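K.L.:
Below are the structure tokens for one structure; questions will follow.
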Amino acid sequence: MPFRALIDACWKEKYTTARFTRDLIAGITVGIIAIPLAMALAIGSGVPPQYGLYTSAVAGIVIALTGGSRFSVSGPTAAFVVILYPVSQQFGLAGLLVATLMSGIFLILFGLARFGRLIEYIPLSVTLGFTSGIGITIGTMQIKDFLGLQMPHVPEHYLQKVAALAMALPTINVGDAAIGVVTLGILILWPRLGIRLPGHLPALLGGCAVMLVVNLLGGDVATIGSQFHYQLADGTQGNGIPQLLPQLVLPWDMPGSNFTLSWASLQALLPAAFSMAMLGAIESLLCAVVLDGMTGTKHKANSELIGQGLGNIVAPFFGGITATAAIARSAANVRAGATSPVAAVIHALLVILALLILAPLLSWLPLSAMAALLLMVAWNMSEAHKVINLLRHAPKDDIVVMLMCMSLTVLFDMVIAISVGIVLASLLFMRRIARMTHLAPVNVEVPDDVLVLRVIGPLFFAAAEGLFNDLETRIAGKRIVVLKWDAGAGSRRRWSGCLPALCEQAAGRL
């Protein structure tokens with residue numbers, strides 16, 4: 001059921017002026033964070049920056065009102081960059097918007113099928129593996145803009161991309177690199193100052209200050225206005241970011257796009273759309289779980305999936321790309337005092353206000369500063385401390401799964417990484433459970449040629465071989481073997497496939 005979080009927070013609980021004031025402060029705080037991040041993530045996804053703002057505005061409102069987590073703030077996120085960039089390069093902006101629309105349909109189907117709780121069973125080793133792999137990939141993608149490298153063509157494969165970046169290092173732009181280093185330095189040092197204001201705005205201001213110095217010295221710096229151009233539905237063209245509200249458009253008819261809507265194009269987009277939906281579901285529910293831990297509330301998983309789906313269906317009709325709940329922005333929302341989804345709506349309204357008032361100023365932002373923002377996001381997303389902790393203390397099986405997911409995400413794509421990771425984790429889990437199943441003697445008075453054993457643990461196909469071997473070592477010289485187990489009727493049905501084989505094995509050795 002959609003609107004669950006809104007109903008619980010603002011209808012079942014009394015919504016007062018004091019609560020609105022807290023939501024207003026939280027919404028403004030998160031909006032300040034979201035504006036530069038939305039633009040940077042759009043650029044990282046291969047589309048002009050205004051589409052990231054459209055996503056935060058439209059999807060941010062729709063998901064906040066219809067989702068199942070009262071504190072989640074949705075918009076473009078770093079996790080999607082590795083999926084969206086190849087789609088935008090191959091199919092253009094229109095194809096990306098259509099894929100977003102398709103992913104929204106998948107998310108609604110997930111919610112209606114009540115898959116919300118099932119997604120929470122994905123092992124930590126899998127999620128940590130692909131998120132750290134995404135962080136590595138995003139960080140690598142930002143080096144070009146961070147250093148101002150001259151690269152007319154960026155290879156698609158990761159290893160080729162690294163080689164191309166290394167070859168392009170002699171073309172470094174000192175001005176761009178200086179801006180990037182200052183911006184990144186402020187982002188790293190700002191939290192140590194103990195100031196509650198998020199560091200994104202001061203970092204960008206610091207980068208812009210360096211840009212002014214570089215321009216005064218005659219240097220050339222790449223900015224949003226110099227690198228991005230727009231074309232409106234009426235044919236109007238311009239540089240940077242258009243100073244107007246998101247316009248209602250058909251996603252497949254975006255101006256300047258060569259995408260053709262057809263059954264063949266939908267089939268081609270289907271794998272990417274499903275990947276977007278899977279990642280969106282995982283990210284949004286992980287975010288909701290984190291927020292529950294911070295606030296003591298309980299999210300509605302299936303309602304959240306439906307809300308995410310509605311947001312991703314509506315957003316493309318206003319130029320919005322794929323959106324999901326952003327953990328960093330949502331956590332900042334809670335820390336700023338949010339009490340309801342109204343805070344997320346206010347954050348989206350602030351983004352709209354920035355489009356109407358600040359668009360000309362936003363066009364002056366240097367690309368190297370935006371790349372620095374994403375480098376910081378990539379570092380946070382890699383969760384290096386968790387990776388190191390897992391490598392030190394986790395079982396070898398979990399380490400193998402994590403490294404496999406990380407490598408596949410970097411070298412191939414996230415779809416393969418998650419698929420292989422879940423299958424591998426499932427197989428290793430079954431092996432671990434199978435090792436728990438064993439035979440134990442039962443202390444009863446029986447003749448010497450009779451053996452009574454109890455089956456302890458789950459008896460299923462993966463455990464059968466170990467039991468066979470154990471049984472073979474015990475039955476020498478026995479005429480009768482009695483196997484006992486404690487289980488309900490349901491378990492007996494599950495064991496029925498293994499039990500006859502186990503009995504035959506024993507009979508053959510007697």
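Each Cβ is built from the backbone N, Cα and C atoms, and glycine gets one as well.
Whatever TrEMBL says is automated annotation, not expert-curated.
The structure displayed is predicted, hence computed values, not measured ones.
According to TrEMBL, the protein has these features:
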type     : residues : note
TRANSMEM : 24-44    : transmembrane segment
TRANSMEM : 91-112   : transmembrane segment
TRANSMEM : 124-143  : transmembrane segment
TRANSMEM : 163-189  : transmembrane segment
TRANSMEM : 201-218  : transmembrane segment
TRANSMEM : 268-291  : transmembrane segment
TRANSMEM : 312-332  : transmembrane segment
TRANSMEM : 338-357  : transmembrane segment
TRANSMEM : 364-381  : transmembrane segment
TRANSMEM : 401-429  : transmembrane segment
DOMAIN   : 440-483  : domain 'STAS'
K.L.:
Restricting to CB pairs under 8 Å, which listed stretch, 24-44, 163-189, 201-218, 268-291, is in contact most with the transmembrane segment (338-357)?
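P.N.:
Per the Cβ count, the answer is 24-44.
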K.L.:
I'd like to know if the transmembrane segment (163-189) touches the transmembrane segment (201-218) in this structure, counting it as a touch only when three or more C-beta pairs sit under 8 Å and are separated by 6 or more positions.
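P.N.:
Yes, the transmembrane segment (201-218) contacts the transmembrane segment (163-189).
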K.L.:
Apart from its near flanks, which chain residues at least 6 from the ends of the transmembrane segment (312-332) lie with a Cβ under 8 angstroms of it?
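P.N.:
Same-chain contacts beyond the flanks: 29-30, 33-34, 37, 42, 45, 47, 50-52, 54-60, 62-63, 67, 69, 71-77, 79-80, 83-84, 96-101, 103-105, 107-108, 198, 246-251, 254, 276, 279-280, 283-284, 286-288, 290-291, 294, 304, 347, 377, 380.
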K.L.:
Count up the helix, strand and coil residues in the domain 'STAS' (440-483) according to DSSP, in that order.
P.N.:
14 helix, 13 strand, 17 coil
K.L.:
Would you say the transmembrane segment (401-429) and the transmembrane segment (91-112) are in contact under the rule of three or more C-beta pairs closer than 8 Å, pairs 6 or more apart in sequence?
P.N.:
no
K.L.:
Are there residues at least six beyond either end of the transmembrane segment (124-143) with Cβ under 8 Å to its Cβ atoms? List them, or say none.
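P.N.:
44, 78-79, 81-82, 85, 149, 158, 161-162, 165, 282, 286, 371-372, 374-375, 377-384, 386-387, 390, 394, 398-399, 401-410, 414, 417-418, 421-422, 425.
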K.L.:
What residues in the same chain, six or more past the boundaries of the transmembrane segment (24-44), come closer than 8 Å to it by Cβ-Cβ distance?
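P.N.:
Contacts of the transmembrane segment (24-44) (Cβ under 8 Å, skipping residues fewer than 6 from its ends): 50-53, 55-56, 60, 73, 75-78, 80-81, 85, 138, 141-142, 145, 197-198, 200-201, 204, 224, 228, 241, 321, 328-329, 332-334, 336-338, 342-351, 354, 358, 362, 365, 367, 370-371, 373-374, 377.
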